[in-house]
Every structure is written in C-alpha cells, then in structure tokens.
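Q: Per TrEMBL, the feature domain '4Fe-4S ferredoxin-type' maps to A:42-71, A:81-110. Per TrEMBL, the feature [4Fe-4S] cluster 1 binding site maps to A:C51, A:C54, A:C57, A:C100. The [4Fe-4S] cluster 2 binding site annotation in TrEMBL covers A:C61, A:C90, A:C93, A:C96.
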Amino acid sequence: MIMPLIKGLQITISHMFKKPVTLQYPTERPDVKPGFRGLHALNVSHDKAKCVACYLCPTVCPAKCITVEAGEDANHDKYAAKYEIDMLRCIFCGYCVEACPVDAIRMTEQFELANYTRADFTYTKDRLLEKK
Amino acid sequence: MVNLTINGKQVAVEKDATIYDAAKACGIKIPILCHDKKLHPFGGCRMCLVEVEQMKGRLIPACTTPVTEGMIVQTTTDEIVKARKLVLELLLLKHPIDCPVCDAAGDCDLQNLTYEYKVNMNRFVDEKFNHEIDYENPLIERDMNRCIHCGKCARICDEIVSYGAYTFINRGIEAKMGTEFDGPLNCEFCGSCVSVCPVGALNSRPFKFKARWWALQKTKSVCSYCGTGCQLTLGTKDGKVLTTIYDENQGFHNGQLCTRGRFGYQFVNSDKRLTAPLIRKNGKLQEATWEEALAEVTSRLAAGKSDPASVAALATPRLTNEELFLFGKLFRGTVGTDNIDHSAGYAHEALTKGAVASFGVAASPAEIADVQKSNLLLVVKSDAYETHPVIGFEINLGVKRKGIALRIVSDKKGKLTRLPGAKTTVHAPGNEVALFNALCKSVIDQGLAVEGVAGLDALKAAVADATAEKAGVSAEEIAAIAKEFASAEKALIILPIGQGYPGHNAALANAAANLAILTGQVGKEGAGLLIMGEKNNSQGAVDMGIYPKGTGLNAAAIIDGCANGNVKTLFVAGENPVVSYPNRAKVEKALENVEFMVVSDLFLTETAALADVVLPACSFAEKSGTFTSLGRRVQNVRKAIPAIGLAKSDFEILNAISQALGGARYNNQGEVFTEIAASVPAYKGLTQAGLKDEGAVYPVALAAKLVPAAAKAAAPAAGKLALVTGSALYHCGTMSRFGEGPMYVCPDAYAELNVADAAALKVEEGDQVTVTSGTGAVQVVAKVGKRVPQGVVFSPYHFGEGSVNTITDGAEVTYVSVAKK
Ligand code: SF4
Ligand code: SF4
Ligand code: SF4
Ligand code: SF4
Ligand code: SF4
Ligand code: FES
C-alpha cells in the first residue's frame with residue numbers, strides 16, 4: 001500500500017524539476033515538425049504557378065474540396081485558370097501533394113486557419129500561390 | 001465454323017475471324033493499338049503479338065491472322081510480354097511524356113498499356129519528336145509528336161468517311177501522319193479521326209482541357225440534329241455538356257457521328273440560351289415569372305376555345321414523341337383546333353400524303369439497315385450525304401466494302417458522285433417527278449414491270465408521254481437506270497425530305513414509290529423507299545399526327561391566316577418560320593400581324609423576337625423521352641443535365657397549359673408514352689424501358705399501290721439561274737447556328753455557282769453577291785466550283801443573315817439573277 005504511493009510521489013516530484021511542456025501560445029510558438037501538413041501552397045517556377053491543371057489532385061482528393069479549371073494560354077499551353085481549395089472541407093490528408101506529377105503543390109507549416117466567415121475559407125489560386 | 005484453342009480454352013468461330021476476334025469472343029483480352037473493329041486489319045503496331053503452336057519460332061499478330069482449324073494459341077507467355085514491352089519502349093522512345101497536359105490521359109491506350117506492362121524505364125534513348133503542332137483549325141488540334149502511327153485516322157477518313165484527309169509521309173523514324181502537302185487540316189470535320197485516335201495526337205478543340213475522361217458523367221442519348229437518329233453518349237460535368245464520347249458499340253453506326261453530332265452540341269450550354277420567360281410589355285420583351293407567362297398564355301388559349309378556328313399551333317419535329325403527342329392532344333383535343341402542323345406541311349408531305357397514298361402508312365417501308373443489305377441504291381439528290389451524313393457513311397461502306405451499285409439522280413453533283421462505280425445523272429432542277437415517271441415508263445416499255453400490281457393501268461396511262469427529254473436527261477441513261485433498278489436483286493431508293501427541299505413533296509414520293517412498286521422492289525429486305533425526314537424526330541411528329549387533318553390549315557395556310565387575321569392566336573413550339581419557311585417578308589409580316597403569339601424555344605430566335613410571350617424551353621440533353629428516327633426506330637433520349645436557368649421542357653410547359661385548360665394532366669413524360677403505346681397503332685406494345693439502349697423498329701403493314709404523280713414542268717426563265725435550296729453538311733435546320741462547331745466551319749450563307757457561270761458574271765470565290773428573285777433579294781458569299789451544273793445556283797437555308805427564304809416562295813425552283821454586290 002505504501003510503496004505505490006511513494007512511487008507516485010517520486011514521479012510528481014521529478015516533474016517539479018522538469019521544463020514544462022505547455023506552450024504559452026500565442027507568445028510562445030510551437031516548433032513544427034518536418035512533414036507537418038498545414039495550409040497548402042502552390043509552387044512557383046519561372047514566375048508562374050507550376051500547376052499544369054492536370055486534374056489529378058481534385059480527382060484524388062477524398063473530401064472533394066479542390067476545384068481546378070484549366071485554361072489555354074497564348075502559347076496554347078495548359079494552365080490552371082482556376083485553382084481553389086475549400087479549406088472547410090479539407091481533411092489535410094496530403095493526397096493532393098502526393099498525386100501531383102509536377103510538384104506544384106505542397107503543404108506549409110501554417111496551421112493558424114481560424115476565420116470568421118465561410119468565404120474566408122475559400123483559398124483561391126491567388127491566396128495559395130507561394131509568396132516570395 | 002473453325003475450332004481452335006486459346007490459352008487452353010476451346011473456341012469455335014466463323015472462318016473469316018482473326019485470332020483477335022476469336023480471343024475476344026471467349027473473353028480473352030489481347031492488347032491492341034492499331035486495330036479497330038470498323039476498319040480493315042492493318043497490323044502496324046505489333047502490340048497484339050501472340051504465339052501459335054503450329055508457327056513456333058516467331059510471334060504472330062493476332063489482329064491480322066485468320067484462324068485455322070486446330071490452332072493452339074497462347075496470348076501471354078513471358079516471351080510475348082517481353083515483346084510487347086519492347087513495342088511500348090520503342091513507341092515511348094520519341095513520344096513526349098506529356099500526360100499531365102495531354103487531353104487523352106485517362107483514356108489513352110498507350111498510357112494504359114504502359115501502366116499495365118509496367119514499362120517504367122527505357123533501354124533506348126533518342127531525342128523526342130519536335131513536330132510543329134497544328135493549332136490552326138478551330139475543331140481538331142493535331143500534335144503529331146504524340147502520334148504512334150497506328151494509321152487509324154487515315155483509315156477511318158478513307159474507308160468510312162471517304163474523305164482521305166490524311167496519309168503517312170516520310171519513312172522509318174521520320175514517318176509522320178500528314179495532310180495534303182503537310183498543310184493545315186481542311187476536311188469535313190466529322191471528328192471520326194479524333195474519336196479513333198488511341199492517344200492524344202488528335203484532340204477536339206472545343207473540349208480541349210475542359211475535363212478528364214474519368215470525371216465526365218456519361219449519358220446515352222440520341223443526336224438531336226437530323227433524322228438518322230445516331231445514338232451518342234454525352235459527356236457532362238457540372239451541369240454542362242462538354243463533349244460527345246465515342247463508343248464503338250453504340251448504335252447501328254458503331255459510334256460514328258457526323259460533324260454536327262460530334263462538334264455541334266455546344267448549343268446546349270450556349271450563353272445565348274433563354275433562362276427566364278419573357279412577356280411583351282410596352283412593345284418590349286421583358287423578363288417575367290413562369291406564373292405570369294403561363295397565365296397569359298392559358299387565358300388566351302381559354303378564350304380561343306370558343307373560336308377554335310382562330311387558334312393555330314406549330315411544333316418543331318425536334319420535340320420528343322411525348323411532347324408532340326401532348327401538343328396534339330392539347331390543341332386538337334382541349335382547344336379544339338385542327339390548325340396544327342410541324343415544320344411546314346409541305347416539307348413532310350412525302351410522308352403524310354405521299355407514303356400514305358403509295359404504301360398505306362405514313363412511314364418508309366425500308367429501314368436504315370436496308371442500305372447495306374441492298375444491291376443497288378438509287379439516291380435522289382446527291383446531298384443525301386449532307387442532310388444525313390451518317391447514312392452517307394453507310395452508303396460509302398456499302399459501296400466500297402460490299403460493292404453495292406450506286407446510282408444518283410440529282411440537280412447537282414455531290415460527294416456520293418465520287419464513290420467508286422457511282423453514276424450520277426444530272427437533271428434540270430425541279431425535274432425529279434418527270435424523271436421518275438420516265439423511269440417508270442422505261443420499265444414498262446422494257447417489259448420489266450411485275451405483273452398484277454394495283455393501279456398499273458392508271459399508271460401506264462399517266463406515264464404514257466413521260467419521256468427522258470421531258471426530264472431533261474438522255475434516253476439511254478433513263479433506260480439504263482430503269483433496267484439496272486428493275487433487274488437488281490434488291491434495290492433501294494433514298495429520298496431526303498425537309499424544309500430545304502420544297503420539291504420533295506407527295507408527288508415525288510409517289511413517283512419514287514411507283515418505280516419501287518412497279519419493279520417489285522418493295523416489301524423485302526434491302527429494297528423499297530427510304531424517305532429521310534430532315535429533323536431528329538420528323539418521323540415521330542408524323543406518327544403523333546402533328547399535321548393538319550380534315551379542314552385544318554397547314555403551316556403555309558396558318559401563316560396566311562395570321563396575315564389575313566383569321567388566325568388570332570398562334571402557339572409556336574420551337575419552330576423558326578421566319579428563317580425556315582419560304583418568303584421571309586411574308587412570314588414576318590404575318591407574324592407581326594397575329595394578335596397573340598407565344599413561342600417556346602431555347603433561344604431568342606428571329607421568330608421568338610416577334611412573340612408576345614416567350615417561354616424558355618429545354619434542349620434534348622435536359623429531358624427524357626423518345627425520338628423516332630427515319631428508319632422507324634423509336635429510341636430513348638435520356639436526361640443528362642439539369643435544366644438551364646428557369647427553362648422547362650416542352651412537356652412541362654404543355655402539361656401545365658393542358659391542365660389549366662381542363663385537359664389531360666400527366667405526372668411525368670413516361671405516362672404519355674404509355675398512352676402513345678396504347679393509342680398509336682404502330683407503337684403498340686412498346687415501353688420506354690423495353691426500348692433499352694438500342695431502341696425498337698416498329699413494323700409497317702404495307703398496302704402498296706401505284707399512284708400516278710403529275711410532273712410539273714418547271715419553266716426556265718431566260719437569262720436567269722435556277723436556284724435550288726438544300727442543306728449544308730455542317731448544319732441542320734436553324735438550330736446548329738447556336739453550336740460553335742458548325743459556325744467555325746460554315747458561318748455564313750453562301751451561293752454555290754458553277755465556274756462557267758461565275759466567270760460570266762465575273763464573280764470569284766468569296767465575293768459578296770446579290771441574288772435576286774421575284775420575291776426579294778439577298779446578299780450572300782459566293783462559292784465557285786464544279787459541283788453545280790451550269791445554270792444552277794445552290795444555297796443552304798439555315799442562316800438568319802442572308803437567309804435564302806427571303807427569295808424563295810415554296811416553288812421547287814426559283815429563278816434568280818446573280819450579280820456581284
Ligand atoms: S495535381 Fe498538381 S498539376 Fe495537377 S492540378 Fe493538382 S496541383 Fe495542378
Ligand atoms: S498520348 Fe497518352 S501517353 Fe502520350 S502524353 Fe497523352 S496521355 Fe500520355
Ligand atoms: S474530321 Fe473526318 S473528314 Fe476530317 S480528317 Fe478527320 S475523319 Fe477525315
Ligand atoms: S494521329 Fe492518332 S489515329 Fe492517327 S496515326 Fe497517329 S496515333 Fe494513330
Ligand atoms: S447523321 Fe444526323 S443524327 Fe447522326 S450525328 Fe449527324 S446530325 Fe446527328
Ligand atoms: S493491333 Fe495488331 S498489329 Fe496493331
């Protein structure tokens with residue numbers, strides 16, 4: 001009876017001398033681990049979104065939250081005239097990143113996504129484009 | 001039957017089958033790239049290699065090797081898989097790996113096989129192709145870098161379409177699928193080549209980048225242009241029709257479509273579509289609610305009930321059978337007027353009066369399948385190909401593959417003229433009846449008439465003085481055609497009818513039927529008369545009785561009634577008389593004069609613009625029902641997308657009006673079909689579910705008799721040219737103007753002149769010319785060629801601007817003068 005009690009106290013006392021794990025958010029920021037799946041970003045190459053509008057990410061997306069519409073540019077090439085993610089539906093599975101054949105989309109470390117209106121959760125191509 | 005063993009399975013197949021066919025018959029899949037069941041075997045890609053025990057030591061292409069008795073075939077040994085991998089590696093050597101931006105991805109044989117055979121590296125290296133991509137053409141984009149040289153495009157264009165736009169150029173590694181002088185593609189734009197291309201080398205531009213194959217919803221339906229009734233699969237996404245999908249197992253035509261079916265469907269999602277009802281207020285059409293619009297219409301019709309003769313109604317034969325039946329029931333039954341017609345009585349008189357008099361039924365005694373079962377086809381007007389292109393493909397196939405003899409009697413030459421062995425007899429415009437009478441006389445004179453047909457004496461007397469000279473052709477030609485026709489084992493006459501052909505009326509149908517009956521070429525397979533109604537449901541409109549009976553006015557008389565004030569209320573369902581009926585000025589004046597006109601249509605057409613109430617209607621893609629094709633095949637039309645805007649189907653519109661007027665009320669269009677099956681004898685026993693995908697050809701009981709047809713002598717006017725109207729390949733009626741495809745290729749009204757006439761008038765291709773008749777004048781673009789004979793001008797009727805009905809007045813031939821603007 002007495003031994004378990006002592007063991008328990010030992011643990012309690014040992015913790016009194018350890019660094020606390022609680023972060024004082026927002027003054028203290030977490031250290032995001034590699035592979036964390038936060039807000040998406042569209043990668044840029046040659047000043048253009050890398051996305052070629054292949055429709056693979058909307059196809060693979062289990063939440064059906066990606067809308068892509070392809071357009072034809074002046075050189076007859078395909079580009080994403082519209083690229084939109086409804087972040088309210090996104091389940092951050094990262095399948096889109098895996099599916100992309102041209103490495104056009106990645107997930108950033110940004111996790112602060114709370115907002116006030118539904119419209120603010122629609123991430124258009126403009127909002128997703130990697131900001132330099 | 002030949003017996004063989006494939007992968008240990010015993011198979012028995014016809015003796016002309018190939019190993020590929022035999023494997024397919026027993027469910028074994030052999031990969032193919034260059035093979036297509038519609039085309040002659042080619043054996044170019046070597047993807048289908050198999051091993052045959054009796055021919056050990058080398059691999060054999062399954063698609064070109066005929067089966068022999070006792071063959072033992074293996075389709076997937078290690079060696080075969082290795083060989084197929086090699087084929088793919090070699091194909092991928094110069095092929096760009098463009099899949100993310102290639103429209104074929106997801107529906108690409110090369111991609112699928114590469115995946116299936118796990119070709120994830122290549123032992124060889126070479127530079128990729130660097131051919132210039134042909135973006136010039138608005139409908140078909142050609143990227144020969146992706147071409148795998150299967151030759152299917154060239155073969156289909158040659159074997160089935162008979163155009164021959166492509167050919168291989170260069171040899172070996174330099175080989176390329178090219179066009180004439182390697183220039184831009186300039187062809188019929190039927191899209192057949194695009195449909196069979198196994199990779200993304202040929203793409204449909206209107207569909208370019210729009211969606212992935214797997215994201216499309218596929219709905220089987222029926223083309224809504226011409227009376228051929230080709231089945232098609234609509235590819236839709238997000239409530240829009242994006243493309244038509246090729247299915248080689250669909251319909252009698254194995255998935256073949258013409259340019260309209262392939263590239264003319266954008267009218268469904270056109271932003272010109274009407275999306276809300278319009279009511280004329282203070283002289284202007286303004287948006288209104290459905291309640292207001294329907295209230296207005298029903299109150300007018302309710303008032304008309306007390307004076308039914310003052311009410312008239314016109315329907316387009318593009319509506320479904322159910323809608324047309326309801327239309328008839330509403331106007332004939334509930335409102336009580338007999339003034340109903342579709343697409344102008346004169347245009348379908350060949351069926352409603354002609355076929356009834358000659359065969360006792362308002363339908364063709366032959367069906368489309370008879371085209372290829374015949375031994376001799378006698379085509380009236382060379383543009384049977386332009387009005388019903390897929391029947392044109394059937395004719396091509398019959399002539400080229402089965403050696404069917406082809407005889408054409410026409411006022412001009414056309415594509416059919418160029419088929420192997422085809423003989424064209426060019427007669428003066430408007431002489432068709434005289435020509436058939438002369439043929440009948442020749443049959444009688446040569447003693448080739450069958451004995452004891454009803455009405456023989458009367459016919460003999462009537463054609464006694466019908467001579468070849470009267471028809472304007474040589475006596476030898478007449479005698480030859482008459483002899484060939486009568487002595488062929490099975491001979492079929494093909495006769496297009498429709499608004500472009502005012503001369504193709506009851507008399508012509510009788511005259512043509514006489515020839516068939518007189519020679520015994522009727523009531524048997526591959527023989528008879530195929531009367532080809534112009535629109536997708538022309539036959540259905542006749543079957544549903546949408547033409548004047550008894551004292552009712554026909555379309556032309558309705559227009560007159562509007563002009564003279566006898567018709568006060570006019571209901572127009574989808575028709576566009578301003579452009580399609582003869583004498584535009586007269587029609588416009590009449591429609592302006594009528595007290596109250598309501599038009600239901602997809603677009604604010606020239607006619608709708610004159611209406612007091614305009615109701616937005618649904619296209620064929622937005623509704624279900626049935627169409628009856630010219631070969632009497634009743635087929636299911638299926639709803640593929642929800643209605644655009646506030647549009648309602650004509651079924652919903654007519655049902656609401658009928659109910660408000662105290663008439664019948666149906667819960668859905670299917671109930672109407674049940675009633676049709678109960679009350680239209682030919683449709684007895686049919687159910688919509690029973691029609692399935694293939695539809696059903698309803699039977700006809702013929703009571704054939706000879707009916708003398710009087711030939712009207714067209715009086716040529718000195719110094720004038722004879723204007724014949726008709727259909728242009730890319731268009732059908734006036735609706736195709738709202739499809740982007742047809743308008744890219746054929747955007748303007750034109751008049752086609754013979755080179756000699758053009759030279760005399762100092763007119764060159766592309767010049768603006770004024771064509772003047774006694775009725776009016778119209779400005780069109782000149783086309784110059786050798787298709788039309790000297791002294792004849794041809795002009796299609798589909799266009800709103802420069803519409804030829806400005807200068808025609810319903811006569812078979814209009815004499816015009818042509819002058820450079
Ligand atoms: S998978 Fe990549 S290239 Fe394709 S649409 Fe998505 S982001 Fe664009
Ligand atoms: S043709 Fe097929 S394999 Fe070639 S790029 Fe297109 S989808 Fe890929
Ligand atoms: S579109 Fe038709 S006519 Fe033109 S090349 Fe292709 S198959 Fe031939
Ligand atoms: S263009 Fe297409 S259909 Fe024609 S040969 Fe090349 S791969 Fe075959
Ligand atoms: S032939 Fe007629 S039914 Fe067939 S695709 Fe062409 S327009 Fe449509
Ligand atoms: S499919 Fe047999 S050789 Fe191409």
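Counting starts with 1 at the first residue shown.
Any Cβ shown, glycine's included, is placed from N, Cα and C.
Just so you know, TrEMBL annotations never went through curation; they're auto-generated.
Note that the structure is a prediction, hence the values are computed from the model and not measured.
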Q: Please list, in sequence order, the residues in the chain of A:C96 ([4Fe-4S] cluster 2 binding site) that are at least six apart in sequence and whose C-beta is under 8 Å away from its C-beta.
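A: A:H40, A:C57, A:V60, A:C61, A:I66, A:I105 - these are the non-local Cβ neighbours of A:C96 ([4Fe-4S] cluster 2 binding site), listed in sequence order.
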Q: State the count of C-beta atoms found within 10 angstroms of the C-beta of A:C54 ([4Fe-4S] cluster 1 binding site), not counting that atom itself.
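A: Result for A:C54 ([4Fe-4S] cluster 1 binding site): 25 other Cβ atoms within 10 Å.
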Q: My understanding is the cutoff is Cβ-Cβ under 8 Å with a sequence separation of 6 or more in the same chain; which residues meet that for A:C100 ([4Fe-4S] cluster 1 binding site)?
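A: For A:C100 ([4Fe-4S] cluster 1 binding site), the qualifying residues are A:C51, A:C54, A:L56, A:C57.
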Q: Since the record lists A:C51, A:C61, A:C93 as binding-site residues, which of them has the fewest other Cβ atoms within 10 Å of its Cβ?
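A: Ranked by other Cβ atoms within 10 Å, the binding-site residues A:C51, A:C61, A:C93 bottom out at A:C93.
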Q: Using a Cβ-Cβ cut-off below 8 Å, which of the binding-site residues A:C51, A:C54, A:C57, A:C61, A:C90, A:C100 are near chain B?
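A: The answer, in sequence order, is A:C54.
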Q: Return the members of A:C54, A:C57, A:C61, A:C93 (the binding-site residues) with CB less than 6 angstroms from at least one atom of ligand 5, or none.
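A: If the test is a Cβ under 6 Å from any atom of ligand 5, the answer is none.
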Q: What three-state class does DSSP give A:C57 ([4Fe-4S] cluster 1 binding site)?
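A: Going by the DSSP assignment, A:C57 ([4Fe-4S] cluster 1 binding site) falls within a helical segment, counted as helix.
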Q: Using a 10 Å radius around each Cβ and all protein chains in view, which of these binding-site residues has the most neighbours: A:C57, A:C90?
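A: Most Cβ neighbours within 10 Å: A:C57.
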Q: Write out how many residues of the domain '4Fe-4S ferredoxin-type' (A:81-110) are helix, how many strand and how many coil, based on DSSP.
A: 5 helix, 9 strand, 16 coil
Q: Of A:C54, A:C61, A:C90, A:C93, listed as binding-site residues, which ones have a Cβ less than 6 Å away from ligand 1?
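A: Near the molecule: A:C54.
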Q: Please report the DSSP secondary structure of A:C51 ([4Fe-4S] cluster 1 binding site), reduced to three states.
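A: DSSP call for A:C51 ([4Fe-4S] cluster 1 binding site): coil, neither helix nor strand.
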